[in-house]
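Chemist: Handing you this structure, nothing more for now.
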């Protein structure tokens, strides 16, 4: 793959770096109360636009077939929203005695509380050939980081309902009437949401760089990057071992979905949700950093593992097919 093609494919990750750099150079533009008025354009318009776009792109007809894999989805949800955040919380109790920046550690906990994405995990799962919580995530954030939130519980859920649930439902309703047009034109839903997300990330870091009291040491950042890659590799290995144990009823294709979907976290839902739950909090950008690192890390690790997992899945499926074939009768 050529350099230009690679850059075009990974434009969103490059965009994250670019908007953070622009925010560093000129934070006054996107700061709260600045020309962009992020307290209105981001908090309400941008977040609502992302989920209206998600509602338009969500193919409800595919959810019916997905619900047939009850056991698989149950495993993914329990691992992602119960085991993952709990394991991270236990791990952070050990890290709390280290000199690592406390807000980055809180950011690691928010990563653990995030739901699976509706993009990268599914894309990677399909690349191999496998099968493919708006309420639970804020509850987990308040459970593990309640003392850090400066917004009342009722306010969080009312804003989540108005900026996430309502636009999503409206998007689904609109889709019913323009479904044929959407199927013909195939609008770039992913690119649209990514562009809006870059705007949210930009304004978040404008607030950071405009605040002279916030300082991020390089040691903490390097350690957090190492921890994130270690967590992802460990959890991917753990889910692989669990789903391939002897008494497991999961198929090889199910295992692929479990490995990717159980360990990946949603940036598209995560950043807007952090913006709502930690609205007005001066350390919001530092809390967001681990999630911003986790996103490219999960894509990078997933892409590297696709050929290996695909080879394993194909060989496993062939082996299972051979064992199911009836043995030829022995001639006397």
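Backbone N, Cα and C define each Cβ position, glycine as well.
Remember, TrEMBL labels are computer predictions, not curated facts.
Keep in mind the model is a prediction, meaning the values are calculated, not measured.
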Chemist: Given the ranges 160-178, 255-273, 312-330, which one is assigned the annotation transmembrane segment in TrEMBL?
Modeler: 160-178
Chemist: I'm validating the feature mapping. Which of 70-92, 93-115 is tagged transmembrane segment in TrEMBL?
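Modeler: Checking TrEMBL against the ranges 70-92, 93-115, the transmembrane segment one is 70-92.
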Chemist: Of the listed stretches (12-29, 70-92, 160-178, 221-242, 283-306), which one yields the highest count of Cβ-Cβ distances below 8 Å with the transmembrane segment (190-209)?
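Modeler: It is 12-29, which has the most Cβ pairs under 8 Å.
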Chemist: For the transmembrane segment (12-29), what are the same-chain contacts with Cβ under 8 Å, counting residues 6+ beyond its ends?
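Modeler: Contacts with the transmembrane segment (12-29): 35-36, 194-195, 198-199, 201-203, 205-210, 292, 295-296, 299.
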